[in-house]
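Copied over from Swiss-Prot:
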TRANSIT   1-32  transit peptide
MOD_RES   Lys54  N6-acetyllysine
MOD_RES   Lys54  N6-succinyllysine
MOD_RES   Lys91  N6-succinyllysine
BINDING   Glu120, Gly145, Glu168, Asp176  substrate binding site
MOD_RES   Lys220  N6-acetyllysine
MOD_RES   Ser233  phosphoserine
MOD_RES   Lys249  N6-succinyllysine
MOD_RES   Lys296  N6-acetyllysine
MOD_RES   Lys352  N6-succinyllysine
MOD_RES   Lys352  N6-acetyllysine
MOD_RES   Lys359  N6-acetyllysine
MOD_RES   Lys364  N6-acetyllysine
MOD_RES   Lys376  N6-succinyllysine
Amino acid sequence: MGQPYAWRLLSRVSSFRRASVILQHLRMSMHTEAAEVLLERRGCGGVITLNRPKFLNALSLNMIRQIYPQLKTWEQDPDTFLIIIKGAGGKAFCAGGDIKALSEAKKARQNLTQDLFREEYILNNAIASCQKPYVALIDGITMGGGVGLSVHGQFRVATERSLFAMPETGIGLFPDVGGGYFLPRLQGKLGYFLALTGYRLKGRDVHRAGIATHFVDSEKLRVLEEELLALKSPSAEDVAGVLESYHAKSKMDQDKSIIFEEHMDKINSCFSANTVEQIIENLRQDGSPFAIEQMKVINKMSPTSLKITLRQLMEGSSKTLQEVLIMEYRITQACMEGHDFHEGVRAVLIDKDQTPKWKPANLKDVTDEDLNSYFKSLGSSDLKF
(Lines of atoms letter the chains of each structure in order from A; the text may use other names.)
(Lines give C-alpha, C1' and ligand atoms only; values in the text may rest on other atoms or scores of the structure.)
Protein backbone atom coordinates (compact mmCIF):
# COMPACT_ATOMS: atom_id res chain seq x y z
CA MET A 1 0.00 0.00 0.00
CA GLY A 2 1.57 3.31 -1.05
CA GLN A 3 1.26 6.53 0.87
CA PRO A 4 -1.08 8.26 -1.62
CA TYR A 5 -3.54 5.40 -1.21
CA ALA A 6 -3.24 5.58 2.56
CA TRP A 7 -4.05 9.27 2.50
CA ARG A 8 -7.09 8.76 0.28
CA LEU A 9 -8.55 6.62 3.04
CA LEU A 10 -8.37 9.52 5.45
CA SER A 11 -11.20 11.58 4.01
CA ARG A 12 -13.60 8.85 5.11
CA VAL A 13 -12.52 8.54 8.72
CA SER A 14 -12.42 10.68 11.85
CA SER A 15 -9.27 12.52 12.92
CA PHE A 16 -8.45 9.80 15.45
CA ARG A 17 -8.99 7.05 12.91
CA ARG A 18 -6.95 9.10 10.43
CA ALA A 19 -4.03 9.10 12.86
CA SER A 20 -4.31 5.33 13.37
CA VAL A 21 -4.33 4.64 9.63
CA ILE A 22 -1.21 6.71 9.05
CA LEU A 23 0.66 5.21 12.00
CA GLN A 24 -0.11 1.70 10.77
CA HIS A 25 1.09 2.59 7.31
CA LEU A 26 4.26 4.27 8.55
CA ARG A 27 5.39 1.23 10.54
CA MET A 28 6.07 -0.51 7.22
CA SER A 29 8.45 2.20 5.99
CA MET A 30 9.75 3.94 9.12
CA HIS A 31 13.20 2.34 8.89
CA THR A 32 13.95 4.18 5.65
CA GLU A 33 12.27 7.49 6.42
CA ALA A 34 12.38 8.14 10.17
CA ALA A 35 15.66 10.09 10.07
CA GLU A 36 13.89 13.16 8.65
CA VAL A 37 11.92 13.66 11.86
CA LEU A 38 12.52 12.30 15.36
CA LEU A 39 9.52 11.56 17.59
CA GLU A 40 10.35 10.97 21.25
CA ARG A 41 8.30 10.50 24.39
CA ARG A 42 10.26 12.10 27.26
CA GLY A 43 9.20 12.98 30.78
CA CYS A 44 5.74 14.51 30.75
CA GLY A 45 5.70 15.28 27.04
CA GLY A 46 6.39 14.44 23.44
CA VAL A 47 9.25 15.96 21.46
CA ILE A 48 9.24 16.46 17.68
CA THR A 49 12.66 17.18 16.14
CA LEU A 50 12.84 18.25 12.51
CA ASN A 51 15.98 16.41 11.44
CA ARG A 52 17.14 17.61 8.02
CA PRO A 53 19.86 20.07 9.11
CA LYS A 54 21.70 19.92 5.76
CA PHE A 55 18.50 21.23 4.17
CA LEU A 56 17.75 23.69 7.00
CA ASN A 57 15.05 21.25 8.16
CA ALA A 58 12.92 21.91 5.07
CA LEU A 59 9.52 20.28 5.46
CA SER A 60 8.77 17.27 3.26
CA LEU A 61 5.55 15.34 2.74
CA ASN A 62 7.10 12.36 4.51
CA MET A 63 7.76 14.52 7.59
CA ILE A 64 4.18 15.80 7.61
CA ARG A 65 2.92 12.22 7.42
CA GLN A 66 4.94 11.31 10.51
CA ILE A 67 4.22 14.43 12.57
CA TYR A 68 0.43 14.54 12.10
CA PRO A 69 -0.53 11.11 13.48
CA GLN A 70 1.94 11.39 16.36
CA LEU A 71 0.56 14.81 17.27
CA LYS A 72 -2.98 13.41 17.36
CA THR A 73 -1.85 10.39 19.39
CA TRP A 74 -0.07 12.52 21.99
CA GLU A 75 -3.00 14.91 22.13
CA GLN A 76 -5.28 12.05 23.19
CA ASP A 77 -2.77 10.31 25.46
CA PRO A 78 -3.64 11.03 29.13
CA ASP A 79 0.03 10.66 30.11
CA THR A 80 1.29 13.26 27.62
CA PHE A 81 0.87 16.79 28.95
CA LEU A 82 2.74 18.93 26.44
CA ILE A 83 4.32 18.79 22.99
CA ILE A 84 7.61 20.43 22.01
CA ILE A 85 8.75 20.93 18.41
CA LYS A 86 12.26 22.03 17.47
CA GLY A 87 14.81 21.88 14.65
CA ALA A 88 18.13 20.03 14.58
CA GLY A 89 21.47 21.55 13.68
CA GLY A 90 21.41 24.99 15.29
CA LYS A 91 20.89 26.99 12.08
CA ALA A 92 17.19 26.59 11.40
CA PHE A 93 13.91 25.62 12.99
CA CYS A 94 12.48 25.03 9.51
CA ALA A 95 13.33 27.07 6.42
CA GLY A 96 10.12 26.16 4.59
CA GLY A 97 8.77 23.47 2.31
CA ASP A 98 10.57 21.60 -0.45
CA ILE A 99 9.64 24.11 -3.15
CA LYS A 100 11.88 22.71 -5.86
CA ALA A 101 10.30 19.26 -5.44
CA LEU A 102 6.85 20.81 -5.87
CA SER A 103 7.80 22.42 -9.17
CA GLU A 104 9.43 19.24 -10.46
CA ALA A 105 6.42 17.14 -9.41
CA LYS A 106 3.98 19.42 -11.19
CA LYS A 107 5.97 19.25 -14.41
CA ALA A 108 5.97 15.45 -14.10
CA ARG A 109 2.20 15.51 -13.46
CA GLN A 110 2.57 13.88 -10.05
CA ASN A 111 0.09 14.38 -7.19
CA LEU A 112 2.58 15.99 -4.79
CA THR A 113 1.20 19.47 -5.42
CA GLN A 114 -2.20 18.38 -4.12
CA ASP A 115 -1.02 16.01 -1.40
CA LEU A 116 1.60 18.22 0.22
CA PHE A 117 -0.52 21.35 0.53
CA ARG A 118 -3.62 19.42 1.62
CA GLU A 119 -1.82 17.42 4.30
CA GLU A 120 0.30 20.37 5.43
CA TYR A 121 -2.78 22.54 5.95
CA ILE A 122 -4.55 19.76 7.84
CA LEU A 123 -1.48 19.62 10.10
CA ASN A 124 -1.50 23.42 10.53
CA ASN A 125 -5.13 23.23 11.64
CA ALA A 126 -4.36 20.35 14.02
CA ILE A 127 -1.62 22.43 15.65
CA ALA A 128 -4.01 25.36 16.08
CA SER A 129 -6.68 23.17 17.67
CA CYS A 130 -4.31 21.01 19.76
CA GLN A 131 -5.72 20.51 23.26
CA LYS A 132 -2.28 20.06 24.83
CA PRO A 133 0.25 22.89 25.35
CA TYR A 134 2.28 23.09 22.13
CA VAL A 135 5.71 24.72 22.41
CA ALA A 136 7.63 25.63 19.23
CA LEU A 137 11.29 26.49 19.76
CA ILE A 138 11.82 28.74 16.72
CA ASP A 139 15.59 29.03 17.07
CA GLY A 140 17.19 30.01 13.74
CA ILE A 141 15.62 30.35 10.30
CA THR A 142 11.82 30.07 10.35
CA MET A 143 10.13 30.60 6.99
CA GLY A 144 7.15 29.34 5.02
CA GLY A 145 6.28 25.83 6.15
CA GLY A 146 8.27 26.38 9.35
CA VAL A 147 5.97 29.26 10.20
CA GLY A 148 2.99 26.94 9.73
CA LEU A 149 4.48 24.45 12.19
CA SER A 150 4.92 27.12 14.86
CA VAL A 151 2.80 30.26 14.64
CA HIS A 152 -0.55 28.49 15.15
CA GLY A 153 0.64 26.79 18.34
CA GLN A 154 -0.05 28.09 21.84
CA PHE A 155 3.58 28.94 22.68
CA ARG A 156 6.35 30.12 20.33
CA VAL A 157 9.83 30.78 21.70
CA ALA A 158 12.21 33.01 19.72
CA THR A 159 15.94 33.47 20.38
CA GLU A 160 18.60 35.95 19.29
CA ARG A 161 19.22 33.60 16.33
CA SER A 162 15.61 33.61 15.11
CA LEU A 163 15.00 34.82 11.57
CA PHE A 164 11.37 35.01 10.42
CA ALA A 165 10.24 35.72 6.88
CA MET A 166 7.45 34.95 4.42
CA PRO A 167 9.32 35.55 1.12
CA GLU A 168 6.90 33.77 -1.21
CA THR A 169 6.00 36.73 -3.46
CA GLY A 170 9.59 36.54 -4.72
CA ILE A 171 9.05 33.05 -6.17
CA GLY A 172 5.58 33.50 -7.60
CA LEU A 173 3.68 32.19 -4.59
CA PHE A 174 2.03 33.87 -1.59
CA PRO A 175 2.43 33.63 2.22
CA ASP A 176 0.36 30.52 2.85
CA VAL A 177 0.19 28.03 5.79
CA GLY A 178 -2.44 30.30 7.34
CA GLY A 179 -0.65 33.56 6.53
CA GLY A 180 -3.99 34.99 5.49
CA TYR A 181 -5.13 34.46 9.08
CA PHE A 182 -2.25 35.53 11.31
CA LEU A 183 -0.59 38.25 9.20
CA PRO A 184 -3.53 40.70 9.06
CA ARG A 185 -3.95 40.24 12.81
CA LEU A 186 -0.47 41.56 13.62
CA GLN A 187 -0.18 45.13 14.92
CA GLY A 188 -1.13 47.87 12.48
CA LYS A 189 -0.19 47.02 8.90
CA LEU A 190 2.90 45.05 9.87
CA GLY A 191 1.54 41.80 8.42
CA TYR A 192 0.80 43.41 5.06
CA PHE A 193 4.34 44.82 4.98
CA LEU A 194 5.90 41.44 5.82
CA ALA A 195 3.73 39.61 3.29
CA LEU A 196 4.36 41.90 0.32
CA THR A 197 8.07 42.57 0.86
CA GLY A 198 9.29 39.32 2.43
CA TYR A 199 11.09 41.47 5.03
CA ARG A 200 13.15 39.48 7.53
CA LEU A 201 12.50 39.94 11.23
CA LYS A 202 15.36 38.93 13.48
CA GLY A 203 15.87 38.14 17.16
CA ARG A 204 13.69 40.04 19.59
CA ASP A 205 11.76 41.63 16.74
CA VAL A 206 10.15 38.22 16.14
CA HIS A 207 8.73 38.52 19.65
CA ARG A 208 7.93 42.23 19.37
CA ALA A 209 5.91 41.46 16.23
CA GLY A 210 3.81 38.86 18.04
CA ILE A 211 5.12 35.97 15.93
CA ALA A 212 6.71 34.58 19.11
CA THR A 213 5.06 34.59 22.52
CA HIS A 214 8.37 34.50 24.42
CA PHE A 215 12.07 35.29 23.94
CA VAL A 216 14.78 33.08 25.47
CA ASP A 217 18.56 33.15 25.00
CA SER A 218 19.52 30.25 22.70
CA GLU A 219 22.06 28.93 25.21
CA LYS A 220 19.18 28.36 27.64
CA LEU A 221 16.98 26.30 25.31
CA ARG A 222 18.31 22.92 26.37
CA VAL A 223 17.72 23.53 30.08
CA LEU A 224 14.33 25.09 29.28
CA GLU A 225 13.32 21.96 27.41
CA GLU A 226 14.46 19.72 30.25
CA GLU A 227 12.63 21.81 32.85
CA LEU A 228 9.41 21.67 30.84
CA LEU A 229 9.64 17.90 30.42
CA ALA A 230 10.35 17.46 34.14
CA LEU A 231 7.08 19.12 35.17
CA LYS A 232 4.55 16.91 36.93
CA SER A 233 1.23 16.75 35.05
CA PRO A 234 1.57 20.39 33.96
CA SER A 235 -1.31 22.59 32.87
CA ALA A 236 -0.99 25.27 30.19
CA GLU A 237 -0.59 27.78 33.02
CA ASP A 238 2.33 25.77 34.43
CA VAL A 239 4.03 25.73 31.02
CA ALA A 240 3.43 29.46 30.61
CA GLY A 241 4.95 30.10 34.03
CA VAL A 242 8.20 28.35 33.11
CA LEU A 243 8.40 30.18 29.78
CA GLU A 244 7.74 33.52 31.47
CA SER A 245 10.55 32.91 33.96
CA TYR A 246 13.07 32.25 31.19
CA HIS A 247 11.76 35.16 29.14
CA ALA A 248 12.24 37.52 32.10
CA LYS A 249 15.86 36.40 32.52
CA SER A 250 16.89 36.70 28.85
CA LYS A 251 19.73 39.12 28.18
CA MET A 252 20.57 38.72 24.49
CA ASP A 253 19.63 41.11 21.67
CA GLN A 254 18.31 43.93 23.83
CA ASP A 255 19.14 46.78 21.43
CA LYS A 256 16.19 48.89 20.40
CA SER A 257 14.34 47.82 17.28
CA ILE A 258 14.83 49.94 14.18
CA ILE A 259 11.75 48.55 12.45
CA PHE A 260 9.46 49.12 15.44
CA GLU A 261 11.04 52.29 16.84
CA GLU A 262 11.59 54.15 13.58
CA HIS A 263 9.44 52.74 10.77
CA MET A 264 6.06 51.56 12.10
CA ASP A 265 4.35 54.88 11.36
CA LYS A 266 5.54 54.67 7.75
CA ILE A 267 4.45 51.05 7.47
CA ASN A 268 0.99 51.81 8.86
CA SER A 269 0.56 54.78 6.54
CA CYS A 270 1.94 53.33 3.31
CA PHE A 271 0.49 49.83 3.59
CA SER A 272 -3.04 50.91 4.52
CA ALA A 273 -4.08 51.20 0.86
CA ASN A 274 -6.49 48.74 -0.75
CA THR A 275 -4.44 48.19 -3.91
CA VAL A 276 -0.82 47.24 -4.50
CA GLU A 277 -0.51 50.14 -6.93
CA GLN A 278 -1.53 52.63 -4.24
CA ILE A 279 0.83 51.07 -1.70
CA ILE A 280 3.70 51.58 -4.15
CA GLU A 281 2.56 55.17 -4.77
CA ASN A 282 2.39 55.78 -1.01
CA LEU A 283 5.97 54.56 -0.64
CA ARG A 284 7.10 56.77 -3.52
CA GLN A 285 5.41 59.83 -2.03
CA ASP A 286 6.89 59.12 1.40
CA GLY A 287 10.32 59.36 -0.19
CA SER A 288 12.35 58.25 2.84
CA PRO A 289 15.25 55.84 2.26
CA PHE A 290 13.29 53.10 4.03
CA ALA A 291 10.18 53.66 1.88
CA ILE A 292 12.15 53.80 -1.37
CA GLU A 293 13.95 50.58 -0.48
CA GLN A 294 10.64 48.79 0.16
CA MET A 295 9.24 50.14 -3.11
CA LYS A 296 12.24 48.70 -4.98
CA VAL A 297 11.77 45.35 -3.27
CA ILE A 298 8.07 45.16 -4.11
CA ASN A 299 8.74 46.07 -7.74
CA LYS A 300 10.90 42.93 -8.08
CA MET A 301 8.15 40.60 -6.89
CA SER A 302 5.66 38.72 -9.04
CA PRO A 303 2.85 41.18 -9.88
CA THR A 304 0.33 38.34 -9.75
CA SER A 305 1.61 37.17 -6.37
CA LEU A 306 1.43 40.70 -4.98
CA LYS A 307 -2.22 41.09 -5.94
CA ILE A 308 -3.09 37.60 -4.69
CA THR A 309 -1.37 38.32 -1.38
CA LEU A 310 -3.09 41.64 -0.71
CA ARG A 311 -6.51 40.11 -1.42
CA GLN A 312 -5.65 37.01 0.64
CA LEU A 313 -4.87 39.13 3.71
CA MET A 314 -7.83 41.47 3.25
CA GLU A 315 -10.25 38.54 2.97
CA GLY A 316 -8.47 36.53 5.65
CA SER A 317 -8.81 39.30 8.21
CA SER A 318 -12.46 38.33 8.74
CA LYS A 319 -12.20 34.54 8.23
CA THR A 320 -11.52 31.69 10.63
CA LEU A 321 -8.25 29.79 10.27
CA GLN A 322 -10.03 26.86 8.62
CA GLU A 323 -11.73 29.19 6.14
CA VAL A 324 -8.37 30.78 5.36
CA LEU A 325 -6.70 27.41 4.80
CA ILE A 326 -9.49 26.39 2.41
CA MET A 327 -8.97 29.65 0.52
CA GLU A 328 -5.20 29.19 0.46
CA TYR A 329 -5.47 25.63 -0.82
CA ARG A 330 -7.48 26.94 -3.76
CA ILE A 331 -4.81 29.54 -4.47
CA THR A 332 -1.96 27.01 -4.31
CA GLN A 333 -3.58 24.77 -6.89
CA ALA A 334 -4.06 27.70 -9.27
CA CYS A 335 -0.45 28.81 -8.70
CA MET A 336 0.79 25.32 -9.57
CA GLU A 337 -1.02 25.61 -12.91
CA GLY A 338 0.31 29.10 -13.60
CA HIS A 339 3.59 30.49 -14.92
CA ASP A 340 5.12 32.57 -12.15
CA PHE A 341 5.73 29.87 -9.53
CA HIS A 342 7.75 27.69 -11.89
CA GLU A 343 9.61 30.73 -13.24
CA GLY A 344 10.37 31.90 -9.71
CA VAL A 345 11.74 28.50 -8.74
CA ARG A 346 13.88 28.48 -11.88
CA ALA A 347 15.32 31.95 -11.27
CA VAL A 348 15.87 31.65 -7.52
CA LEU A 349 16.56 27.96 -6.84
CA ILE A 350 17.65 26.26 -10.08
CA ASP A 351 19.50 28.64 -12.42
CA LYS A 352 19.95 31.14 -9.58
CA ASP A 353 20.15 34.09 -11.96
CA GLN A 354 17.73 36.01 -9.69
CA THR A 355 16.02 37.54 -12.74
CA PRO A 356 12.58 35.93 -13.08
CA LYS A 357 10.52 36.88 -16.11
CA TRP A 358 7.06 37.34 -14.64
CA LYS A 359 3.91 36.97 -16.75
CA PRO A 360 2.21 39.39 -16.65
CA ALA A 361 5.23 41.60 -16.00
CA ASN A 362 3.25 44.59 -14.75
CA LEU A 363 0.59 45.08 -12.08
CA LYS A 364 -1.74 46.82 -14.52
CA ASP A 365 -1.88 43.68 -16.64
CA VAL A 366 -3.11 41.46 -13.78
CA THR A 367 -6.86 41.75 -14.32
CA ASP A 368 -9.67 41.19 -11.83
CA GLU A 369 -10.68 38.17 -13.90
CA ASP A 370 -7.17 36.75 -13.55
CA LEU A 371 -7.22 37.36 -9.81
CA ASN A 372 -10.67 35.84 -9.31
CA SER A 373 -9.51 32.59 -10.91
CA TYR A 374 -7.12 31.98 -8.00
CA PHE A 375 -9.90 32.18 -5.42
CA LYS A 376 -12.64 30.11 -7.07
CA SER A 377 -13.99 26.95 -5.46
CA LEU A 378 -12.48 23.60 -6.41
CA GLY A 379 -15.80 21.86 -5.79
CA SER A 380 -15.31 18.31 -4.55
CA SER A 381 -11.54 18.88 -4.55
CA ASP A 382 -11.70 21.67 -1.97
CA LEU A 383 -9.73 21.17 1.24
CA LYS A 384 -11.72 19.35 3.93
CA PHE A 385 -10.92 18.92 7.62
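Keep in mind that glycine also has a Cβ here, set from the backbone N, Cα and C atoms.
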Report, in whole Å, the straight Cα-to-Cα distance of Asp176 (substrate binding site) from Ser233 (phosphoserine).
35
Look at the recorded positions Lys54, Glu120 and tell me which residue has the greatest number of other C-beta atoms within 10 angstroms of its C-beta.
Glu120
When you rank Lys91, Lys249, Lys359 by Cα distance to Glu120 (substrate binding site), which of the modified residues ends up on top as the closest?
Lys91
Out of the binding-site residues Gly145, Glu168, Asp176, give me the one sitting nearest to Lys359 (N6-acetyllysine) by CA distance.
Glu168
Which residues, sitting 6 or more apart from Gly145 (substrate binding site) on the same chain, put a CB under 8 Å from its CB?
Ala58, Leu59, Cys94, Gly96, Gly97, Glu120, Val177
Around the substrate site formed by Glu120, Gly145, Glu168, Asp176, list the extra residues of the same chain whose Cβ is within 8 Å of the site's Cβ centroid.
Gly96, Gly97, Phe117, Gly144, Val147, Gly148, Leu173, Pro175, Val177, Gly179, Thr332
At a 10 Å cut-off from the C-beta of Glu168 (substrate binding site), count the other C-beta atoms across all protein chains.
27
Restricting the comparison to the recorded positions Lys91, Asp176, Lys220, Lys296, Lys376, which residue's C-alpha is spatially nearest the C-alpha of Lys352 (N6-succinyllysine)?
Lys296
In three-state terms from DSSP, label Lys54 (N6-acetyllysine) for me.
helix
Including all protein chains displayed, how many Cβ atoms other than that of Ser233 (phosphoserine) lie within 10 Å of its Cβ?
9
